[in-house]
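Notes to accompany the following structure.
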Amino acid sequence: MPKRNDLNKVLIIGSGPIIIGQAVEFDYAGTQACSVLREEGIEVVLVNSNPATIMTDTNMADKVYLEPLEKDYIIKIIEKERPDGLIATMGGQVGLNLAMELVDSGILDKYEVDLLGTTMSSIKKAEDRDVFKTTMNDIGEPIPESKIVSTVDQAKDFAKNIGYPVIVRPAYTLGGTGGGVAQNEQQLSQIASNGIRSSLINQILVERCVIGWKEVEYEVMRDKKGNCITICNMENMDPVGVHTGDSIVAAPSQTLTNQEHQMLRQAALKIIGELQIEGGCNIQFALDPHSNDYYVIEVNPRVSRSSALASKATGYPIARVASKIAIGYSLDEIYNQVTGKTSACFEPSLDYVVLKLPRFPFDKFDLADRQLGTQMKATGEVMSIGRNFENAFLKALRSLEIDLDDLHQSIQEVDKELRQEEILKQLGKQTDERMFWLLQAIRKQISLQDIHDLTSIDMFFLQKLKNIVSYELEFSQLESQFKAESDEKNVEEIEEKLVEKKISSSNQQLQLLSEAKEAGLSDTMISASTGLTEEQIKNIRLQHNITPAYKMVDTCAGEFEANTPYYYSAYNEENEAIPPSEPTHDKRVLVLGAGPIRIGQGVEFDYCSVHSVMALKDLGYESLIINNNPETVSTDFNISDRLYFEPLFTEDVNSVIAQEKPQGVITQFGGQTAVNLARPLANDGAEVLGTSVSDMDRAENRDKFDQLLNKLGIDRPKGKTATSTKEAKEIADELGYPLVVRPSYVLGGRAMEVVYTPEDLETYMTWAVEVSPEYPVLIDQFLQGMEIEIDAVCDGQDVIIPGIMEHIERAGVHSGDSMAMFPAKSLDEITRDKIVSYTEALAKGLNIKGIINIQYVVYNGKVYVIEVNPRASRTVPFISKITGIPMVKIATKAMMGQSFQDQGYKPGLMPEPDYYAVKAPVFSFAKLTRVDTSLGPEMKSTGEVMGIDYDLNTALYKAMLASGFSINLNGGVLVTVADRDKEAVRPLVERFQKLGLKIFATSGTAEFLRNQGIDVEQVPKIVDESPNIIDLIREGQINYVINTFTIGKEPARDGFKIRRAAVENGIPCLTSLDTASALLTAMESLDRGESKQVKSLQDYLKELSN
């Protein structure tokens, strides 16, 4: 049926901030939906609170509202815009839950807004555990024995009847939030309690556990006519029991028989038909590996993380097709953009293997519980495409960027002596490290059957891993052979003998190298096994023409000719990435993406990569992208002229450069991932565009940067380097406390601490770092002043500063975890001018061509530089959106030779707007048990939101509400702070009391507050009698927790338990007094009943331009 003609304006709900369980895949889905509707001439209104997304660009929708994803704000937008329809299925679980609230409130009926795509009754059939169970029973689809409950006692009674273990699945949550596997009653009590609290309707499903069965997913599409197709089937390498977001996933399924595949495919089509889904749908099955028995585990009646993976794996644009269906089209009326010939009714066919590997945040959280279960813990994922499983697996591993370029280095040298018992013990645990223990077990010649019995991983996958290990063994034997034949034991002679061997004896060794490359082994991995250098391995390959070809993703296994330049590498194959007949390399530029989403490197860098490509297209350049993240907009085949789905690893990038011969490579916009590649690529002859590699080094090398600051007359906090604990103490005495300490060999704020006393320093040096001449520790003065952040653009001569951001938390909290307001409110004119002057001097002094990010601290009236990043930063999307200045486009054009004057921009600091914008961090602590929620120099947030308004307090309120703070004006506040913070906390406590909240405090804090004349109820510590602090939190008597801590003291351990209890009970826990003050400001705004207006970003910017 044709498109509906009654839809003139449609509202799309986005998914909000990046959190574990809901990442950047919804930015990809939302941008596709916006594009589809605008192509059809429909006016698009978008609401999303995440400024880092591409979907919130003003050119993506006619009206963009950066407002909290809360029912009251959506209602205000509906009242103002009067849309004809609403699409909620592109906003993940957040979108679905909001749609349900809007339907139940009657607001959609009142304003005659149609819920487009899947209906609310269909959504409830899939999401409400009770209704879903009944529906499956009605159509004869098997589900595990289960019961829907709303109390812990009900859960216990059911588990007692069916026996342990049981799985808990909350209704209306994302990423398995609140769920888990309970092995006994004690575990069930805790998991069920969390699950009930996490569920939108306080409902959980307790079901019989089928751990060990295969987990298989089907991505299905249906239109209003009832046409259904399966787009992709995917098999989890990990058996049931590990959340699919934390599993290794293969597409297409690798171990199913045709009978099993057809059985599950028919079941999937039957289920989507019964649920009357209109659009995309993900269905998860558990399959008994020993019979044809299966269970339906879950149905997601919306675009999901798996949808993004299936889209990139097949080339079938699921979100785009679902959006077309939502406005009335049927599948046979939608054409396939990849082939340009087939319709969307044509099921994709794959002649390659796709693998997804999860990216976990445990490199940031050493003490976190690494055990995997039904509650997701991965922050992101990578995808790889190969002609065989081994190739795809090793590519995906390289793409993870976890300091393990390949499996050969996955277990440290010390682990060579591991006993078999220890390996078997580790195999029995389901942790993020299980893959490396699997390989270690195979190396130790533990039988595959024994490994299978312990892990339930299919023998097919274990054999593939054994194939990889066999190459290691063959190359190691080759090294021994050549060393025995070499008199001088000389590396060059070994290389010559290796070459000679390859040329002679029927090229046996050359064949081994060729087969190893076909299986995905990197030069690094082969180097580690043979004893040769990477450069030697590379030279041997090139000499014998062992280089990758590039195959095209075409959705149809070559049955139809494809138009889409979307490639992956393969050895010993015909090359399908044929360059244009006319050489155009002087108008061709490669942009490096940012890889998987992780803490410290989020969707902001995908935003930057995409905007760089758009700028190159504006200039008439052919744009190329290398990236490996299936969730992102940058890996949409429509964004760049040619997309390479490859690891961001030196060898893989160099191979693409050799294939495409671009004019240059842009590394500024892919975060630290791309920046780290700049030097090795330049060393190999690539032209790094923008700021030179040597100038990047001047910004990042401590000594060189200090020399520049001295030359420019710019201050920075005093600091020195210690190579021993004794020296650290001497430096500390010289500089004075407090101090910032960090290991010199760790980037990105990892293992950084603020120490306030000699005891703090002793604890840090003992437990946090290994200090030696090879691994020195950097010690700097900690100036707890106002932190200022600037993103600027330089064309080599002039500097544009869109605006100045002021951090709400003082220095000491990582900039990514700080709230930031724009424009800066607390700067006097002299300080502002000095910051602008310093920024211009640094940009010019470092010969920046592109973007520079600078962080300052203003302390006792002086301005100090604390960090300079010669690349795009996390705040670029935020500052670009609220000022209307497209920083990445300006920077890219400057790199390509266009001055600001040529582009029509004036240099200097831009005028301040009349409105305020506040950026707030968002954390995923609830998903990561045993992680301390306290904020410090090491980044912990996974995403961000924005609040905007003409009133700063209201903008602050919106930002805190959007970030997940539950803001209300009743209940109690628990205050327990370190001695150094007691004086500063007093006025905050008085403000809480003025709002009518009851004050609770631990003994030391309570005594101080009483002495100040403040009425406070003292509560026992955790080690004391009951009811204690934890009991009060669990009983709901406390609505806010303010807790600061002291390093290495007993209260820190008490504080950890308090902070965790707050997080696990959904209570705001504030570990910075500045954040507490900001919350109070928001609460006071609410108390005054100030009106909360909504206004589109376009309308704000329109006033700025007038």
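Backbone N, Cα and C atoms are what each Cβ position is placed from, and that goes for glycine too.
Summarising the annotation, Swiss-Prot assigns ATP 1 binding site to Arg129, Arg169, Gly175, Gly176, Arg208, Val210, Glu215, Gly241, Val242, His243, Gln284, Glu298. For Glu215 (ATP 1 binding site), the count of additional Cβ atoms within 10 Å of its Cβ stands at 23 [all protein chains shown].
In the three-state DSSP assignment, the secondary structure recorded for Glu298 (Mn(2+) 1 binding site) is strand. The Cβ of Glu298 (Mn(2+) 1 binding site) has Arg169, Ile283, Gln284 as same-chain neighbours under 8 Å, each 6 or more residues away in sequence. Marked as Mn(2+) 1 binding site by Swiss-Prot on the basis of sequence analysis: Gln284, Glu298.
DSSP assigns Gln284 (ATP 1 binding site) to a strand in the three-state reduction. As annotated by Swiss-Prot, Mg(2+) 1 binding site applies to Gln284, Glu298, with the evidence given as sequence analysis.
The Mn(2+) 2 binding site feature in Swiss-Prot is assigned to Glu298, Asn300; the stated evidence is sequence analysis.
Residues or ranges marked as Mg(2+) 2 binding site in Swiss-Prot (evidence: sequence analysis): Glu298, Asn300.
Under the heading ATP 2 binding site, Swiss-Prot lists Arg742, Gln781, Leu783, Glu787, Gly812, Val813, His814, Ser815, Gln855, Glu867. Sequence-distant neighbours of Gln855 (ATP 2 binding site) (same chain, six or more apart, CB under 8 Å from its CB) are Glu787, Ile788, Glu789, Ile790, Ser815, Val865, Ile866, Glu867, Val868, listed in sequence order. Taken residue by residue with DSSP, Gln855 (ATP 2 binding site) is part of a strand.
Taken from Swiss-Prot, the feature Mn(2+) 3 binding site covers Gln855, Glu867, and the record attributes it to sequence analysis. Following the DSSP three-state reduction, the secondary structure of Glu867 (Mn(2+) 3 binding site) is strand.
The local packing around Glu867 (Mn(2+) 3 binding site), expressed as other Cβ atoms within 10 Å of its Cβ over all shown chains, amounts to 17. Annotation comment: Swiss-Prot describes Gln855, Glu867 as Mg(2+) 3 binding site, evidence class sequence analysis.
Swiss-Prot lists Glu867, Asn869 with the feature Mn(2+) 4 binding site, giving sequence analysis as the kind of evidence. All protein chains shown were included, and the count of other CB atoms within 10 Å of the CB of Asn869 (Mn(2+) 4 binding site) stands at 21.
Annotation comment: Swiss-Prot describes Glu867, Asn869 as Mg(2+) 4 binding site, evidence class sequence analysis.
Annotation comment: Swiss-Prot describes 706-896 as domain 'ATP-grasp 2'. Across the residues of the domain 'ATP-grasp 2' (706-896), the predicted structure has a mean pLDDT of 90.
According to Swiss-Prot, the domain 'MGS-like' annotation covers 965-1106.
Per Swiss-Prot, region 'Oligomerization domain' is recorded for 402-577, and the stated evidence type is sequence analysis.
Residues or ranges marked as region 'Carbamoyl phosphate synthetic domain' in Swiss-Prot: 578-964.
Secondary structure at His814 (ATP 2 binding site), as computed by DSSP, is coil.
Per-class residue totals from DSSP over the domain 'MGS-like' (965-1106), listed helix then strand then coil: 70 helix, 17 strand, 55 coil. Under the three-state DSSP scheme, Arg129 (ATP 1 binding site) falls in the helix class.
Looking at Glu215 (ATP 1 binding site) and Asn869 (Mn(2+) 4 binding site), their Cα atoms lie 44 Å from each other. You'll find the Cα of Val242 (ATP 1 binding site) roughly 37 Å from the Cα of Gly812 (ATP 2 binding site). Cβ neighbour counts within 10 Å, taken over all protein chains shown, single out Asn300 as the most crowded of the binding-site residues Gln284, Asn300.
You'll find the Cα of Arg208 (ATP 1 binding site) roughly 52 Å from the Cα of Asn869 (Mn(2+) 4 binding site).
Among the binding-site residues listed (Asn300, Arg742, Gly812, His814, Asn869), Asn300 has its Cα nearest to the Cα of Arg129 (ATP 1 binding site).
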